[in-house]
Amino acid sequence: MGGCEVREFLLQFGFFLPLLTAWTGDCSHVSNQVVLLDTSTVMGELGWKTYPLNGWDAITEMDEHNRPIHTYQVCNVMEPNQNNWLRTNWISRDAAQKIYVEMKFTLRDCNSIPWVLGTCKETFTLYYIESDESHGTKFKPSQYIKIDTIAADESFTQMDLGDRILKLNTEVREVGPIERKGFYLAFQDIGACIALVSVRVFYKKCPFTVRNLAMFPDTIPRVDSSSLVEVRGSCVKSSEERDTPKLYCGADGDWLVPLGRCICTTGYEEIEGSCHACRPGFYKAFAGNTKCSKCPPHSSTFVEATSVCHCEKGYFRAEKDPPSMACTRPPSAPRNVAFNINETALILEWSPPSDTGGRKDLTYSVICKKCGVDASQCEDCGAGLRFIPRPTGLINNSVVVLDFVSHVNYTFEIEAMNGVSELSISPKPFTAITVTTDQDAPSLIGMMRKDWASQNSLALSWQAPAFSNGAILDYEIKYYEKEHEQLTYSSTRSKAPSVIITGLKPATTYIFHIRVRTATGYSGYSQKFEFETGDETSDMAAEQGQILVIATAAVGGFTLLVILTLFFLITGRCQWYIKAKMKSEEKRRTHLQNSHLRFPGIKTYIDPDTYEDPSLAVHEFEKEIDPSRIRIERVIGAGEFGEVCSGRLKTPGKREIPVAIKTLKGGHMDRQRRDFLREASIMGQFDHPNIIRLEGVVTKRSFPAIGVEAFCPSFLRAGFLNGIQAPHPVTAGGSLPPRIPAGRPVMIVVEYMENGSLDSFLRKHDGHFTVIQLVGMLRGIASGMKYLSDMGYVHRDLAARNILVNSNLVCKVSDFGLSRVLEDDPEAAYTTTGGKIPIRWTAPEAIAYRKFSSASDVWSYGIVMWEVMSYGERPYWEMSNQDVILSIEEGYRLPAPMGCPPSLHQLMLHCWQKERNHRPKFTDIVSFLDKLIRNPSALHTLVEDILVMPESPGDVPEYPLFVTVGDWLDSIKMGQYKSNFMAAGFTTFDLISRMSIEDIRRIGVILIGHQRRIVSSIQTLRLHMMHIQEKGFHV
């Protein structure tokens, strides 16, 4: 008991005067200590045993509060060979494993006592012995175990006695482990003058506590001071575990290292370490340590601990509305309905309702009724009318009605609805308008017939309408594939009642509709007619007929040629005819050899390798630039073929534009020159805002003013616009230092892209863009690839590093000059003159079978999407190329990057279909991204591409249905992780379908192979669940 004072101290045998001081005996207890013995609190006699009897003396005095003060004293310093023992009563150890003994005592300085230098001591010894029961009066000192020799930090003298100064010493010793039920303590004196004022025996515990809303019970620490006891807490009332709450009990009785926590359940909030129910008028919808919230408008609650507020009468909350959203009500009726009618179309327009009910999801429905003279005699209009775009779920305030009948009273009821209209039992408010039709349009075409069919064509005819109501201007024929009725259609016109439709697919059924146009307008479309194109056998029969015609024509032509030949021989003009014919044939052969076959309206890619001289290919597709128009400013990069500079290009009549310039170094090989010019001849064929633009080339004239002999051909890939190397000094005339000799460089001049390659640009600006901005970048890349695909060009190295970004964030596809050599060794990498093509971007069929196509470019585009959404992260991270190939073969696909909307990741998965024919076309991708940009809310909706995925349930891959998550894990040989999934709360397939690779690592799946197998199965499960839900991904 620190800080206590002795009330009375009496030294025996007359050597000292009594020392009287006040001692209250009121000592505070520490919360982490459990006291087994405290002599200062014992009210009766201690009854400790002494040996011999004339050794230790017990002295008891009463303090001012009438409480006893027990002391034991000994001072036999005059006689040698002292051996005085004092033993406590039996002490129960309770739950202790280690005990602590605190002793308060005073000790006389031997130097202050005359004539006792040989016999006086200044220490005493502490002993103990364990026992399961009391020994009574039996006492055998030899059986006791020594704990320690106790010495005083301060000893008193005769002067201290005179000045009434008490020097009290406190010493603590620990004993353990204690294994029996109890123990004795013993004090041995061998000749000291000492007074044992108090003895306190205790053990330490980590006391009951509440941390992070979790309760932890009293805990006894281990004997080993370096070992901690892990204790799991239990959540306080009205709370639940978020992460398992844990504390560690230290050897000193202190709680250490808090882990995990509990959170208040729904309807409860945390106040001063406990969970209290929300007051009436307040709610809390989700478990967590947030405060209760006031009920939103038009809702209330009158009880405590409410998780959701109830809507007032007439107000509702939709199923998907969050609890924090105000209750809303159905809208009022639309206003100001008006119509506009012509011969063939009726347009209905209206104003929004005056009261939207507090919601933004307003839609309209139009109900049509045909009424007679009596307004009460109405019937439904049926399927005869067509509504554009549709009669229900309208977002805009108008609709077009077609195919109505003349001289009929139509009543249109326009209803306004929102997300809670279906919850109300009240009739839906509407506004009605009645329209009487009177049209002069032609009647419908009644019949269409097929005259003949080939593999790619159909010849159709029909009869003119019975009532045209004027001169027929033309016919419009609309047609589409029967299987793709809802996707797209084509149309053509004919002035005659017949038409030949070309460009069709063989053995395919098409649907045709036809309508008439007169001066009064269009008629309605006819009913649908089905016709099928022919197959190869039908064309063979047609070809046989054509052969007969050709053979007949050939015989006639040969006869005519003989007659003409005789005629020219007779007239003497045969020689002129033969020369002219030879000249014409030679010109035609030369034209064919150069592969310059052009078709009107169609631009196709021409491989520069078909030209003997690469310079011919370059000048076929790109213009020569006068070197005097080029001003070089600085070197911005270096590569295999030379250096890349930035500069300015002067254009007559226009201002200077920034450009990037690269040349071929002097002393180059013919192969290097061919590869260098090949890139320019490829770029020169492209003209698209999302393709890097070639300004021109320099191949014919020397350029001594520049004096540059080396430029890098890989500048379109290596982020050159960011300045890879420190700029070289440039003279005022625009040339580099004279140490570089003048020469005759081959130069390629392209537009300057300020922000460099896309991957490094995104890494530099990580997290700076909105999702819509990133989608805009992806849309630009897809548009450029669509252009290349339409031209028949396969890129084969599409990656973010090969996309360049200008100052307006426009992305442009680059890197067209790399030659791609596929070695015979099946283990060979796909090499180029610029290095290896990374496996991570390459489609599996291109890796396995060397099959590059637009579909393999689509696979690479999916990887580019992942790079963009992850801000330039490396695909497949640190996996080796071999692991990447094996993972893809096993069905593994990259997970969604952080913050990536579900619809974009789903598009990536479509691009990574193993069957290349199932991947979307770039046309589909551009269309889909356009819709996302127009409707950003669709970014967070899971979609399925019906052009990519199987079109009927029978085409869906077989996937077993599992009853439990454990069954699913067993099926993929991962049953050892059942407890991990259960403990983490992933107990339903809906939750599992949303798991990411981070979730799988977090629950304890460490092995990469196991992670890969589980992720692969989750992706298959997710696609299967999407088919079950029958969601559409329309492009």
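A Cβ is built for glycine as well, from the same backbone N, Cα and C atoms used for every other residue.
According to Swiss-Prot, of the residues ASN409, ASN755, ASN409 is the one noted as N-linked glycosylation site. With respect to their backbone Cα atoms, ASN409 (N-linked glycosylation site) and ASN396 (N-linked glycosylation site) stand 25 Å from each other. The secondary structure of ASN396 (N-linked glycosylation site), as reduced to three states from DSSP, is coil rather than helix or strand.
Under the three-state DSSP scheme, ASP797 (active site, proton acceptor) falls in the coil class. Separating the Cα atoms of ASN396 (N-linked glycosylation site) and ASP797 (active site, proton acceptor) is a whole-number distance of 44 Å.
TYR977 (phosphotyrosine) is 40 Å away from ASP797 (active site, proton acceptor) when you measure Cα to Cα. The average pLDDT the prediction assigns to the domain 'Protein kinase' (630-943) is 76. Under the DSSP three-state reduction, ASN409 (N-linked glycosylation site) is assigned to strand. The secondary structure of TYR977 (phosphotyrosine), as reduced to three states from DSSP, is helical. Within 10 Å of the Cβ of ASN396 (N-linked glycosylation site) there are 9 other Cβ atoms, across all protein chains.
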